[in-house]
Amino acid sequence: MNKTAIALLALLASSASLAATPWQKITQPVPGSAQSIGSFSNGCIVGADTLPIQSEHYQVMRTDLRRYFGHPDLVMFIQRLSSQVSNLGMGTVLIGDMGMPAGGRFNGGHASHQTGLDVDIFLQLPKTRWTSAQLLRPQALDLVSRDGKHVVPTLWKPEIFSLIKLAAQDKDVTRIFVNPAIKQQLCLDAGTDRDWLRKVRPWFQHRAHMHVRLRCPADSLECEDQPLPPPGDGCGAELQSWFEPPKPGTTKPEKKTPPPLPPSCQALLDEHVI
């Protein structure tokens with residue numbers, strides 16, 4: 001196993017060992033009609049659905065962490081996408097983190113995934129279903145070269161291109177985050193059908209999975225959507241800027257103090273956490 005794969009596994013494992021946040025003390029969805037509240041990186045959810053663990057089209061990883069909750073729209077998206085993938089004979093979709101029962105802030109590994117509208121999906125589609133042991137300790141497949149400038153040709157498969165494209169074409173999806181090298185390969189492979197590329201955004205890490213984000217549901221009145229991605233396919237200067245060396249004097253941004261919770265989320269926390 002190479003160093004990058006080991007690091008990815010360590011990151012998965014480390015998030016479970018950090019101190020719990022108050023949101024992790026809520027072990028069941030909060031009753032009520034489904035409402036995503038706040039922003040993706042500062043919010044919560046009422047009336048979350050549980051993604052069924054058993055499915056012929058997908059498998060859920062790390063069920064011991066209990067991060068398989070989300071807005072009903074997210075559950076339906078996962079079922080819709082995995083059914084499409086299965087019908088095309090592409091393999092089994094591997095589902096990573098969604099959100100916690102009431103959403104909210106994680107103890108590590110994610111800044112977002114707080115409103116029940118985000119899901120991580122591995123960029124591999126096994127033809128043979130994984131065992132319980134494999135699902136509990138998943139082996140991330142790093143698709144990006146060590147220098148970060150391109151995908152590994154022997155690991156990049158047409159099925160992965162199709163998986164990302166199918167997700168991006170879904171009506172409820174607003175963004176998909178992938179590594180810049182993966183976005184670059186999508187740009188090369190896309191041909192003339194390029195409208196969907198607008199939703200695929202380059203971001204740090206994301207070498208072995210895609211992070212799919214849905215738009216705010218119309219009836220979630222306190223949900224804060226992001227602005228739409230810039231027009232175009234995103235394959236030009238913006239993408240190339242990710243491969244340029246840091247400018248002299250560039251320093252890492254200081255870690256910010258988390259902003260106050262939306263009032264509805266604070267009230268939910270006060271009511272359900274002793």
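Along the chain as shown, the residues are counted starting at 1.
For all residues, glycine too, the Cβ spot is worked out from N, Cα and C.
Computed from a predicted structure; not experimentally measured.
Taken from Swiss-Prot, the feature Zn(2+) 1 binding site applies to His110, His113, Asp120, His211, supported by sequence analysis. Cβ neighbours within 10 Å of His211 (Zn(2+) 1 binding site), excluding its own Cβ and spanning all shown chains: 21.
Cβ-based neighbour count (10 Å, all protein chains) for Asp147 (Zn(2+) 2 binding site) stands at 8. Residues or ranges marked as Zn(2+) 2 binding site in Swiss-Prot: Asp147, His150.
Secondary structure at Cys44 (disulfide bond), as computed by DSSP, is strand. Cβ-based neighbour count (10 Å, all protein chains) for Cys44 (disulfide bond) stands at 30. The annotation disulfide bond is assigned in Swiss-Prot to Cys44-Cys265 (among others).
Taking all protein chains in view, 18 other C-beta atoms sit within 10 angstroms of the C-beta of Cys235 (disulfide bond). Among the features that Swiss-Prot reports, disulfide bond is placed at Cys187-Cys235 (among others), with the record citing sequence analysis.
Secondary structure from DSSP puts Cys223 (disulfide bond) in a beta strand. Cys223 (disulfide bond) has a Cβ environment of 23 other Cβ atoms inside 10 Å. The feature disulfide bond is assigned by Swiss-Prot to Cys216-Cys223 (among others), with sequence analysis given as support.
Annotation source Swiss-Prot lists region 'Disordered' at 227-274.
The signal peptide feature in Swiss-Prot is assigned to 1-19.
In the three-state DSSP scheme, Cys216 (disulfide bond) falls into the coil class. Following the DSSP three-state reduction, the secondary structure of Asp120 (Zn(2+) 1 binding site) is strand.
In the structure as shown, the Cβ atom of Cys216 (disulfide bond) sits within 10 Å of 21 other Cβ atoms. Taking Cα separation as the measure, Asp120 (Zn(2+) 1 binding site) is nearest to Cys216 of the recorded positions Asp147, Cys216, Cys265.
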